[in-house]
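Record features (Swiss-Prot):
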{"type": "BINDING", "residues": "G608, P609, T610, G611, V612, G613, K614, T615", "note": "ATP 2 binding site"}
{"type": "COILED", "residues": "393-527", "note": "coiled coil"}
{"type": "DOMAIN", "residues": "3-148", "note": "domain 'Clp R'"}
{"type": "REGION", "residues": "343-548", "note": "region 'Linker'"}
{"type": "REGION", "residues": "771-867", "note": "region 'C-terminal'"}
Amino acid sequence: MDIEKMTTTMQEALGSAQQIAQVRHHQVIEVPHLWRIFVQPNSFGANFYKDLGIDLDDFTNLIEKEIDKINSVEGSNITYGQNLSPDLFQVFTEADKIAQKMGDEYLSTEIILLALFELKQNPLTEYLVSHGLTKAKAQAAIEKLRGGDKVTSQNAEETYKALEKYGVDLVAQVKSGNQDPVIGRDEEIRDVIRVLSRKTKNNPVLIGEPGVGKTAIVEGLAQRIVRKDVPENLKDKTIFSLDMGALIAGAKYRGEFEERLKAVLNEVKKADGQIILFIDELHTIVGAGKTEGSMDAGNLLKPMLARGELHLIGATTLDEYRKYMETDKALERRFQKVLVTEPTVEDTISILRGLKERFEIHHGVTIHDNALVAAATLSNRYITDRFLPDKAIDLIDEASATIRVEMNSLPTELDQANRRLMQLEIEEAALKKERDDASKKRLEIIRGEIAELREENNQLKAQWEAEKKEVGNISEKRNELEHARHELEEAQNEGNLEKAAALRYGKIPEIEKELKAIEEKAKSDDLSLVQESVTEEQIAEVVGRMTGIPITKLVEGEREKLLHLPETLHQRVVGQDEAVEAVSDAIIRARAGIQDPNRPLGSFLFLGPTGVGKTELAKALAENLFDSEEHMVRIDMSEYMEKHSVSRLVGAPPGYVGYDEGGQLTEAVRRNPYTIILLDEIEKAHPDVFNILLQVLDDGRLTDSKGVLVDFKNTVLIMTSNVGSQYLLDNVGENGEISEETTENVMSQLRAHFKPEFLNRIDDTILFKPLALEDIKNIILKMTSQLAHRLEEMEVELELSEEVKVWIAENAYEPAYGARPLKRYLTKVIENPLAKLIIGGKIPPKSKVIVRLIDNKVDFDVQSIAE
């Protein structure tokens, strides 16, 4: 017996059998040791016996018992599992004879399985024969398995039933009802049929964006083959989807991958045109399995494709086709392109209506038609980086899964009742230990409450169980209907008209009637604890979760918040009514859903002197909308003064450092499409920056350096500038009004600085007024209240007299600098002295500091707060 003349699988099996013998302290390798390896799950031997009707669990138990009967030998100088037992040696001797007779170069597993029958008295042989597996039957199965081939390589077992092992029969999947229906795409399916019917170049490749339904077209073809809705030349053909991953996985030795692929191709060749091969992600064949000196899958396929011996359908995306397939011209010309475009919203709704029943059965929910329409329209509008119908199907699936999880979870009412009951029971247990009258009285009250709650709890639980059962009945009946329809389809395909008639006119109408009655009952019962309907509201919630864009119906609290948005913004931004109003209106328009869907929510240019609240307004808006001013894309345009720095907004071009990182503007918006973009000090930027902003302002879109389209339709663009601020400072009226002449002067300076095509695209240009003395007082009030809030954490109260506030306002106010000097002045005259007093221990906790003005100087009076 030469181990080198065995196949790799056989060598590994013998090695594993030796390990069993060593672990069990058996001196020699016996027949049961080796057979224990042969019947391991998914092994060649296990599949062989299973196909021939042997109960593997029963057979494995027998092998284990036989191993247990072998005596263990103990000792210090004993070697275990180094030799074969006489029985096993006889099996190998007989196997050698059979292999020579069959003309095999290597000893393979199936020959060893056949040689076992030569051991007439062996319990394993007796078991197999008693269960109907004779030597003749096993030999016939081996001949069928091999298909007349001889074992000429060490990977022989890998090549048996190669298509079954490395592929999925799509036609068989359709027959078993494991495939979703394919709706529409008739034109593309006809194109594929036309290409498959050609004499040469009869290999279609489906090219389209990810998620448009390329694989579904092949599944649709498989469904047509089952329905016999194809030309004569395609009737009774089988489509096998080849799994390239499984083909490559575990190919350890050089040539093993090629051998597996050749085995697949030989099976296809032997089928004489009855098998159509489908390779999803076709580009993977270019370079697949290529190691030093070996061929890749693409080159192995070329000869058969050229001779027309292989019918192959491929599917790949546009980018991958260009990157991999077009580089290999010889391979590319053997395929005929079939372009698969993205379906329209209307087509997507039709597709969703076709899939609706499948999702209802899988999740056990009811999907309303308005949810399907919402999924198609909302995904098309808000999820811009993916394609229909995939993104719409995802929304339906996600919303259905959410409802399903809620159905299986405890309802809020029941959960609250349970928690309250637990709380009262804990209180009852504590009061039992008390002896005073008040506790006894309270205990009686609590026991009464517990009794009431338990009754309410039991009622709720019974109602919930009943509602769940009702929903479960609907789901079961839908499953029954689906099964009956599948049976009808099978009967029609087989030509069993009697069965088809019984199903169509008897069983199916009866189930439909029962289902309708159950659904009507559920509707009239008005399920209050179990929500089993998927409506447009759930779809909107899912879109909101995925994109961060709020599109759900407004709840009462949010309505109030939006209507009072100007007042809320004024709490942070003093004055500037026009600017606050314009920004608030843009947000209200967006949430009402009436803004132009092809433009940003709003684009504003804020003009005015420094320190009047331009940037502060953007921050206040971000805080109000997103609860944090960090949720704002702030770009300081002074960083973009050089021409070359423009590329940082959209990303560096290919070949430059930072190409992989993406643009600062595009990446921020791509990750968070609902945001506020603040372009601060825009006049400082290079003029080329404005060219990039043109399409953002007009169409709400921008293409980054990688060619990815970024959607700006859900952003608010705020640009700030100091252009013309001198006119505003010099010519503002006493009551803070800006004269028409001043406005015209500012606008003319603006037109001189920015191009007309840029200014023309901005929704509103707003002039910020210089701050009046009254505004300054309000700002001081705001700043001092912030300081007082910080001191509260140290248990110190702060009080400023009115004259101090007026004095700070008069001394700190400089119209040219706005509100910024106030902060500096307040730090100098209030915060610094306060800090020194705190560090010196003169302001202990639980004290009050009153700030007064004495002889034109600030005085701090520290008082203790009485407990």
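Here the Cβ of each residue, glycine as well, is placed from N, Cα and C on the backbone.
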List the helix, strand and coil residue totals of the domain 'Clp R' (3-148) as derived from DSSP. 96 helix, 6 strand, 44 coil
Looking at the binding-site residues T610, G611, V612, which sits with the largest number of other Cβ atoms within 10 Å of its Cβ? V612
In the region 'C-terminal' (771-867), how many residues does DSSP assign to helix, to strand and to coil? 51 helix, 23 strand, 23 coil
P609 (ATP 2 binding site) has its Cβ surrounded, within 10 angstroms, by a count of other Cβ atoms equal to 22
Compile a sequence-ordered list of residues in the same chain as T615 (ATP 2 binding site), six or more apart from it, whose Cβ lies below 8 A from its Cβ; state 'none' when nothing qualifies. L678, D680, T720
Rounded mean pLDDT within the region 'Linker' (343-548) lands at 77
Neighbouring CB atoms within 10 angstroms of the CB of K614 (ATP 2 binding site), all protein chains considered, total 28
